[in-house]
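Participant: Pulled these from TrEMBL:
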type     : residues : note
TRANSMEM : 64-90    : transmembrane segment
TRANSMEM : 97-115   : transmembrane segment
TRANSMEM : 127-151  : transmembrane segment
TRANSMEM : 181-203  : transmembrane segment
TRANSMEM : 277-295  : transmembrane segment
TRANSMEM : 302-324  : transmembrane segment
TRANSMEM : 344-362  : transmembrane segment
TRANSMEM : 397-416  : transmembrane segment
TRANSMEM : 428-448  : transmembrane segment
Amino acid sequence: MGSLVQFIFRYLNTTENDLNYWGLDYPPLTAYHSLLCAHVAKLINPEWVELHTSRGYESPAHKLFMRATVLVADILIYIPAVVVYCLYLVEGSTKKKVTTIFCILLYPGLTLIDYGHFQYNGVSLGLALWGVVGLGLGWDMLGSLAFTLALNYKQMELYHSLPFFCYLLGKCVKQGLSGRGLLLLVKVAVTVLVTFALCWLPFLSDSHQVLQVVHRLFPVARGLFEDKVANAWCSLNILIKIKTLMSTETQLSLSFVLTLLAVLPSSIKLFMKPTLWQFKLALVNSSLAFFLFSYQVHEKSILLPALPVCLLLSDLPLMAIWFLQVSTFSMLPLLLKDGLLLPYVVTSLAFLYFSLFLLSGLQRATDEQLRLQPYHALFSSILPCLPRFNLGRITKWKFVVSVVLMACLSLGIVVLEPPAQLPDLFPVLVSLISCSHFLGFLLYFNLLQLSEAPARRSSKKSN
């Protein structure tokens, strides 16, 4: 218990703990996980975690250990969640389920960030996926528990919180708030509150500690966005210097309002119709809206929309593959800083080839298979005189052009020198191109959810 109390001070600025170097900015479960890894590291080589002297320590053995801790966490949490989801919630043959498992695990974005950038996104994403599995199978208490743990591991899981809330509340209302629905609501509420209390138990004795942790979790002072993230604010900042023209309070208010407006339609639709299909689409729409419009967004936050998009690989292979490819490309400047050019190229090509081949992405791209009926209805209402386009074929060509463009820019950023007066030219181009894609995907997935396109078998499930 003494080491745990001492570890709590990683949230505080002391003579033994410089928050600018060693401070935690994640919820308590990350602290407990880090403490566990530190104890294991100390058993292997105490120099790895020695106070002060271990700062900046690098060695091949230490890097191997760090990657091994990521792998162990994935084996225990993320990979089983993917397997269970595909086996029980993906419809079709065993071959289709195994193929989907393989393609989800092959997604390069998560692999490059966790094993190259040395993070544990697989833990929070895995716990969130266990939450999806729980709700999808009708185990609402398990789903609530798993997602609460995910939220207590990384606060960015707030990107997924509205769909979980709207799905469960909609289900309670549907069952009747004077009967079974009220009982379910109470059980879910108790599960969430007890889980939060247990996770925060070491901090609850001192309100100052709780406030300090919350302050570390939401670092407003860092600004509206970081580096060249592919969201709306960074793209708009090229033309209008938002950070300079607006106060921090105005930036916070504006990002809050726009994020709320972007997530509201899909959240209301999910609340009115709490089905698994609606839930998965709402997860995409909510997390993508948060990424594009919320405050203090980092490049790797695109992994949060990427998770629910992975869950659509068996339903909408071409659109899911396209999104996942763009999401990896959007992190290219960050990956280059970490010296991950070769892994980026190899994993991206492998994912593109195997996913297109195994999931028949280019073959399953008709208007009906891509659920493009809402676009036909939209075009017909605006311009009724236009002939009916083959949107499936147009989408395939747009996909090919997009992949070629990303490949050319990936090559250019490595071999070409930017003009002296535009040193950030290539990172800015990556950000702009990726952001334009994400805005298009946000429109597509929202229209798909709000129109409730037909021929979706999983939409029969209401749990």
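A Cβ is built for glycine as well, from the same backbone N, Cα and C atoms used for every other residue.
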Participant: Counting only pairs at least 6 apart in sequence, do the transmembrane segment (277-295) and the transmembrane segment (302-324) share 3+ Cβ pairs under 8 Å?
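Facilitator: Output yes: the transmembrane segment (277-295) sits against the transmembrane segment (302-324).
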Participant: Please work out whether the transmembrane segment (127-151) lies in contact with the transmembrane segment (302-324), by counting C-beta pairs under 8 angstroms that are 6 or more apart in sequence and asking whether there are at least 3.
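Facilitator: Judged by the Cβ rule, the two regions touch, with the required three close pairs present.
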Participant: Within the same chain, where does the transmembrane segment (181-203) have neighbours whose Cβ lies under 8 angstroms from its own Cβ atoms, ignoring anything closer than 6 residues to its ends? I mean 6 or more beyond.
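Facilitator: Apart from its flanks, the transmembrane segment (181-203) reaches 4-5, 8, 27-29, 140-141, 144-145, 148-149, 152, 168-169, 171-175, 209-210, 213.
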Participant: Does the transmembrane segment (64-90) come close to the transmembrane segment (97-115), meaning at least 3 CB pairs under 8 Å for residues 6 or more apart?
Facilitator: yes
